[in-house]
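Heads up: the structure comes next, in structure tokens.
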Amino acid sequence: MLINVVLIILLVGLNGKASGQNQGLCSPDENASCADSSDTQDEFSFNILRKIKKALASYQPCSSDANDANCSCHAAVIKSDLAPYKATGVSRQMIESSARYGTRYKIYEKRLYREENCMFPARCQGIEHFLLPLVATLPDMDLVINTRDYPQINMAWGNGAQGPILSFSKTKDHRDIMYPAWTFWAGGPATKLHPRGIGRWDLMREKLEKRAAAIPWSQKRELGFFRGSRTSDERDSLILLSRRNPELVEAQYTKNQGWKSPKDTLDAPPAGEVSFEDHCKYKYLFNFRGVAASFRLKHLFLCQSLVFHVGDEWQEFFYDQLKPWVHYVPLKNYPSQQEYEELLTFFRKNDALAQEIAQRGRDFIWQHLRMKDIKCYWRRLLKSYVKLLTYEVQPEDQLIHIQPAKDEL
């Protein structure tokens, strides 16, 4: 395997350098400082290769069935998210106390109902697209679905929300139950390129697959690439590295709705947006959290580029089976410019390894994040969730009947 060959070469090189030092190339007084940058990079490279090898050795694919018709890759997430309610069940009082933290939905007698006021209509539309085809197969149930960006049940807040509340993203500090975000069908951040949100994951998959095929690995630009707004200063060091070393990184800030002056783009004019398809021109793509998990991550993988994912606290339902060093390159929160430089330099020198990781990341998303996987996840989630209800669901006059939109009939 390629990783073993590279490790052996590095070991031989490191041992040779150690032997040379023992023969007097560095005096005892100089040992702490005489190693040059190539020595440092070799040691760094060895550590990275060791991490990759360890990750691959322990990695078990989530399904032996490439078709994975039962979306078994994501089943553990459902079990984990519902576990806090297994002992107590879900009572009517729990639903009522949680209602103000999300949008009330009800499935009753094979029909879907919702409270009339939806804070984000496009987001509700994206959710309802997946719920409507399922209602004929599901028992009666009440749901509280959060359409805000931020999860609602932080165990440290003590805000009275005991759940259950469904949210698209969370951290380990939250008890929200994750569901596939509305953006798989509608909504998402409104940008100049996508004024109504990215939407239609099925269509974007096909676009990115065609674009990636048109720009094979050997034709991609050997640069780190990022384009996005400054929703967090965690992204600043990559932008500053790009200004200092544009031969290594091409990263710039774009405008968002809160932009007022160049200070909001780190004292530079805002850059133009870049389509996901044009991200595929670059070998190394960076993903950062936003207010919560970033909607861009799943798109980046389909470029068949190497994804660098910064931070691991924010999750969506499919993140659990994406493994660091197997499918992507992990970085801790707030990486320094030096950390970016070292990793990019390493993967430039180990191009075949970079391509292998990129391919595994692409294959996982392509095989296990299809539209049928999204539908399957919703079905499995709701069938497991309804078993927790401890009361008989009743009709409510104040809820409105949701029917399929005309363009979905």
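The backbone N, Cα and C atoms fix where each Cβ goes, glycine too.
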Motif 'Prevents secretion from ER' per Swiss-Prot sits at which of 18-21, 186-189, 406-409?
406-409
Near ALA293 (UDP-alpha-D-glucose binding site) in space, meaning Cα within 10 angstroms, which of the recorded positions do we find among CYS124, ASP149, CYS280?
ASP149
For SER229 (UDP-alpha-D-glucose binding site), name the DSSP secondary structure in the helix/strand/coil scheme.
strand
Measure from the Cβ of CYS280 (disulfide bond) and count the other Cβ atoms within 10 Å, all protein chains considered.
27
Chain-internal residues, separated by at least six, CB under 8 A from VAL274 (UDP-alpha-D-glucose binding site):
ARG227
